[in-house]
Amino acid sequence: MAEHESLEFGKADFVLLDNVSLEEFMANLKLRFEKGRIYTYIGEVVVSVNPYRAMNIYGRDTIEQYKGRELYERPPHLFAIADAAYKAMKRRNKDTCIVISGESGAGKTEASKYIMQYIAAITNPGQRAEVERVKNMLLKSNCVLEAFGNAKTNRNDNSSRFGKYMDINFDFKGDPIGGHINNYLLEKSRVIFQQEGERSFHSFYQMVKGGPESLLRSLHVSKDPTAFNYIKVGGHIKSSIDDGGDFKAVADAMKVIGFTADELQTVYKVLATILHLGNLTFGVDGDTTLIENSKVVAVIGDLLATKEENVEKALLYRTVATGRDVIDKQHTAQEASYGRDALAKAMYERMFCWIVGRINDVIEVKNYDAKVHGKNTVIGVLDIYGFEIFQNNSFEQFCINYCNEKLQQLFIQLVLRQEQEEYQREGIPWKHIDFFNNQIIVDLVELQHKGIFSVLDEACMNVGKVTDKVFLQGLNSKLANHAHYTSRKLSPTDKSLEFDRDFRVRHYAGNVVYSVVGFIDKNKDTLFQDFKRLLYNSSNPVLKVMWPEGKLKITEVTKRPLTAATIFKNSMIALVENLACKEPYYVRCIKPNDVKSPLLFEHERCRHQVEYLGLLENVRVRRAGFANRQEYPRFLQRYKMISEFTWPNHDLPSEKEAVKKLLQGCGFEQDVAYGKTKVFIRTPRTLFCLEEQRTEMVGRIVLFLQKVWRGTIARMRYRRMRAAAIILRAYRRFKVKSYIKDVNRKFKNVRSMKDHGKHVKWPTPPKVLRRFEEALRSFYNRWWAWMLIKDMTPEEKLRIRAKGATLEALKDQRPDLGLQRTWEGNYLKRDSPDTASSFTLVSSELQRKDKFMRVLFSCNVRKINRFHKAEDRAVLITDRHLYKMDPLKQYKPMKSIPLYNVGSSPLYYEPCFHGENGCFLDSQQCVPAFTQNTLAFYQNCVYVTYTRI
């Protein structure tokens, strides 16, 4: 599913701007920067603005989002361009390249690292060891090249001071199998001089601050950078760069790549030698030039593995061959200082080129046979300096700006060529597009015999003393009528130019004034042959390899070496030819401000970069024909919900016909063209209308899908619940059946058992049958009781019923209820023979008087009144009355109460005593016993009630 940004973040593609103007371009760029969207497309070009802060958009999750996706399916990102280049290489078996350009501090180096990281992440899914080794080498090479080729400048803490082009070779499966690195125009002048606030190359500070004590002692180097003239300007700068940590990381990376311990030691010795060279000072004694601190010469000789006297001679003398004669010409102090600085710059440049060569030896493709292994395809990554305009522009800026002219020319040509080829492939008529062709500026620089480089080389070849002023005169004479060149002599009224010093070139990015001071010396790049022989004759084999031309004899005649301008021009021509045969992708980097703030967007600063990068020109070229084009399947997949003929699936003959039907239904058929595999949309407004309609329909579709999905979930939940209920019901039924069977099995033969199953242990019932089990136990107990009493006489049953009532009424009231013995009822007649006769007479008299049928209960009791005074009494209960008697007066009746008057009216309690036990009982518990006419059960615990009078 494609994911697009909303318009609150601005237009994700500059091609979709309503009006192509610089103002709208800048407004969109600023809006996206402020909203945290640092990437924007121009067709297949990514414009990147340095955010000056860490952003969480480069992790593994983000890589997975862009892997295998088309450019327009995800928001703009570097990974999208990297993936597009990789797919073109893998699918179409075509070499591709990614060109990263922009000024110092715009984020080119970081962009190249993220592109390398992405390619490494998406390749070698099978985790082949050799491929992983190559990937690791390619990534580690970045770390090493940054240490020796990057430096802190006023614009950027990690500025690349060289151009780098890396080819990554892939096998037929799309896995990296090797690579090759080309470097261009190292800024070696930085070795001996830095502007205020800047540093020399990182490698010097890493060694001085991070090297172990033993290493520094062997190199005669202290940990104070300010002790060395060449780097002391940068030594005073407080920086966030961790030189100590970086030293270890670089050393580890070099070991992983394959640098031996001797090679690594030689690199440190070269760096130390350069530092010591900077501390050499020359003096004059009469006509003789002397080295004032000769001890340093001994240190240099030791580091270079050569004799001290040879070093001193090379620094103070120049060997000149005139025919067969060889003479030593002594330098002046000024010439000696020039030679020292030239040696320092040359040694660092040679070491850097040697490091690049060693990396190439390790990562280059070996033993690859295209017939056996398939075609070897390439992705090139170019990280090169952007257009530069400083306060003082010299030879280096001229070469850099020439490089950008060549790349801009290639950029326009390739973009136009890509457009034209795509139109032709799709059968769309091609219209001529007017654009600024900077070929005239390229010719101004590189044209044979008339170009600025040719004039410079010609001036350098002149015999005699050649000055920069002579070079400027040559330019004025040969380029006087050129529309893009001028000087103060040609424009006397232009006071921005100095006489005999400045000339102006009108580049595609703007006018640049160059000072000719130093052009001749920098172009000649003179290094005396004596230094080359000195280093070649070193006993250090690594140094010997770095200086192969030192093996020439003094009298041997050689060709004039190529000048720096010619070497650079040839390398640029070769680079452009290499890029021209590949399918290019571009990353244009922009620096939003000079103070490295993540919030500040300097309008003029960015406008200038937009102009010299030719971004608006690129938009116009892209918009000259059709602003947007998409393959039919992709277009249909995104917009098919707009039309009833294409949603959810169409039944038309082809996807092209379905797209036509869709666009006709929307009324856009006049603003589109139909190619063989793609639909071309002319204006951005049509695309926006399609997006708006799609957004509206997506909301409806989402609601519909939610409804369907929620219904599906509800039905699934219902089915699960129903299944659970069925399972639960079946399980309960099973448990019930199991329990019933278990009960039936255990109680099957209880009738024949001696105790009728009283000893049988009841099975544990399931929870659902607990009440059933209680009822079943009750049924069983009633059956068991019936089995015990069914053969009893009526009198026995009556006694049993009385005992049951007693048990129920006096439960938990006293420990012994006398249930195990026979209840007599009339205890006064039985217990005491002495008083029995008196009691019998009294009871007979009462029977005659009150006409009762029989005596239910009689016994002696102890009365405790409300004043807690105890007295002996006797109780006689008949079937009609309750009598209170005085045992001390021959059981004389004291009170008679009819049984129908005994109830639950307010009464007071009185303890009874019989034998050893006594208890308390409330009247409510007595009522059932009286009403059932079973008072005989109160054999040893009677509650006597008195109605209050």
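Here the Cβ of each residue, glycine as well, is placed from N, Cα and C on the backbone.
Between the stretches 250-272, 296-318, 572-594, TrEMBL puts its region 'Actin-binding' entry on 572-594. Here the domain 'TH1' (811-949) has a mean pLDDT of 68 out of 100. When other Cβ atoms within 10 Å of the Cβ of K108 (ATP binding site) are tallied across all protein chains shown, the result is 27. For G105 (ATP binding site), the count of additional Cβ atoms within 10 Å of its Cβ stands at 23 [all protein chains shown]. Shown for the region 'Actin-binding' (572-594): DSSP residue counts in helix, strand and coil, namely 9 helix, 8 strand, 6 coil.
Neighbouring residues of the recorded ATP site, listed in sequence order and excluding G102, E103, S104, G105, A106, G107, K108, T109, comprise N50, N156, S159, S160, G386, C589, K591 (Cβ within 8 Å of the Cβ centroid). The local packing around T109 (ATP binding site), expressed as other Cβ atoms within 10 Å of its Cβ over all shown chains, amounts to 23.
Proximity of A106 (ATP binding site) to non-local residues of its own chain (separation of 6 or more, Cβ distance below 8 Å) is seen for S48, N50, G386, C589, I590, K591, Q609, given in sequence order.
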